[in-house]
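Worksheet for the structure shown next.
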Amino acid sequence: MTRIGTPLSPTATRVLLCGCGELGKEVVIELQRLGVEVIAVDRYANAPAMQVAHRSHVINMLDGAALRAVIEAEKPHFIVPEIEAIATATLVELEAEGFTVIPTARATSLTMNREGIRRLAAEELDLPTSPYHFADTFEDYSRAVQDLGFPCVVKPVMSSSGKGQSLLRSVDDVQKAWDYAQEGGRAGKGRVIIEGFIDFDYEITLLTVRHVGGTTFCAPVGHRQEKGDYQESWQPQAMSPKALAESERVAKAVTEALGGRGLFGVELFIKGDQVWFSEVSPRPHDTGLVTLISQDLSQFALHARAILGLPIPLIRQFGPSASAVILVEGTSTQTAFANLGAALSEPDTALRLFGKPEVNGQRRMGVALARDESIEAARAKATRAAQAVVVEL
């Protein structure tokens, strides 16, 4: 039976969030609504989730000793990683010592590294994936490209949000794709995965929640990416009943193998009735921001319920819905957003401005959300709302 105490008192139920981006911010808001005391931790001050947490700490998240010191001082009931770049070996140790990591320390560890999760899916679970090779050197990488042929995709084994990812179409792309992958990895230069290109019809994120009552799926989320970065998403993505059933089978197999409780974003490629596993995040997914307008329980509310052991009897989907990101390019520590009245002038629209303290280059600073009679209309409406926002640097 779940029991939640009073925040900032001896009875408090404490959650420590590792990583404080826009997804973490929404998770904190949902936990706050349930009376949970939230401690936010990230590598820079005033990160979005810190702005809505009870208190925060700034540390190098890859420094195991620093992470351990904060966790031992705060004594959280739940440790919730929101990003991949964390000292996962320390989380494994802390879990063995009695701390609860969401969903599990093993899941966090395996999914931090594309190699761990790909080998689990393809070799242990025998799920359909693209053909692949791993390489540590340019020579091994070149051989892998030759073996798989063009087009193929290269990614650092440790990166997030599409960083370092390239589609190779010819020999001319081989060197520059290698260089870009080496720049984009989270741990600097290193190992890459080379994947044979799947000529898919579309890709989806199947938001899958493991909770006290079992496993529940949200309606499939379709999305469009550029250079591996999400630009827009929509729900529900139209699929054949056979493809949807196979997607749920694959998502259940992967999330069951990872274990624990929480929401997972399972990325899949679809062609006709065929389904291939791509990746999984053991936490809310950026493409799932659409659920802030498309469902009665957003992916963040679902994650909060699952973490706390609360039931999820039903997820109500409100019909064709879409999200479009607000990308900002430039350098500023005092970004402002104008023309918001125009952005919100149509019915069934919403905005989320993330409150990121700075932009240096290109950064996702907000998202526009919309519902309409069809997916096409919802996408167009969300894009209009996003484009109406005037950014002042």
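A Cβ is built for glycine as well, from the same backbone N, Cα and C atoms used for every other residue.
The N(1)-(5-phospho-beta-D-ribosyl)glycinamide binding site annotation in Swiss-Prot covers E22, L23, E82, D286, K356, R363, R364 and is backed by sequence analysis. Positions annotated as ATP binding site by Swiss-Prot, on the basis of sequence analysis: R114, K155, S160, S161, G162, K163, G164, Q165, E195, G196, F197, I198, E203. The domain 'ATP-grasp' feature in Swiss-Prot is assigned to 119-308; the stated evidence is sequence analysis. Residues annotated as Mg(2+) binding site in Swiss-Prot: E267, E279.
Annotation: E82 carries the greatest number of neighbouring Cβ atoms among the binding-site residues E22, E82, E195, E279, D286 [cut-off 10 Å, Cβ to Cβ]. For the domain 'ATP-grasp' (119-308), the model's average pLDDT works out to 95. Here the candidates are the binding-site residues R114, G164, E195, F197, E203, and by Cα distance the one nearest R363 (N(1)-(5-phospho-beta-D-ribosyl)glycinamide binding site) turns out to be G164.
The C-beta environment of R114 (ATP binding site), restricted to residues of the same chain at least 6 apart in sequence and closer than 8 Å, consists of K155, P156, V157, M158, I193, E279. A Cα-Cα distance of 23 Å separates K356 (N(1)-(5-phospho-beta-D-ribosyl)glycinamide binding site) from G164 (ATP binding site).
Calculated from their C-alpha atoms, the gap between L23 (N(1)-(5-phospho-beta-D-ribosyl)glycinamide binding site) and F197 (ATP binding site) amounts to 29 Å.
Distances between the Cα of E203 (ATP binding site) and those of the binding-site residues E22, E82, E267, D286, R364 are shortest for E267. Take the CB of E203 (ATP binding site) and look out to 10 A: across all protein chains shown you find 19 other CB atoms. In sequence order, S130, F150, P151, C152, V153, L167 are the residues of the chain that are 6 or more apart from F197 (ATP binding site) and have a CB within less than 8 Å of its CB. According to DSSP, F197 (ATP binding site) sits in a coil region rather than a helix or strand. If you take the Cα of E22 (N(1)-(5-phospho-beta-D-ribosyl)glycinamide binding site) and the Cα of E267 (Mg(2+) binding site), they are about 20 angstrom apart, rounded to a whole number. In this structure, R364 (N(1)-(5-phospho-beta-D-ribosyl)glycinamide binding site) is part of a beta strand by DSSP.
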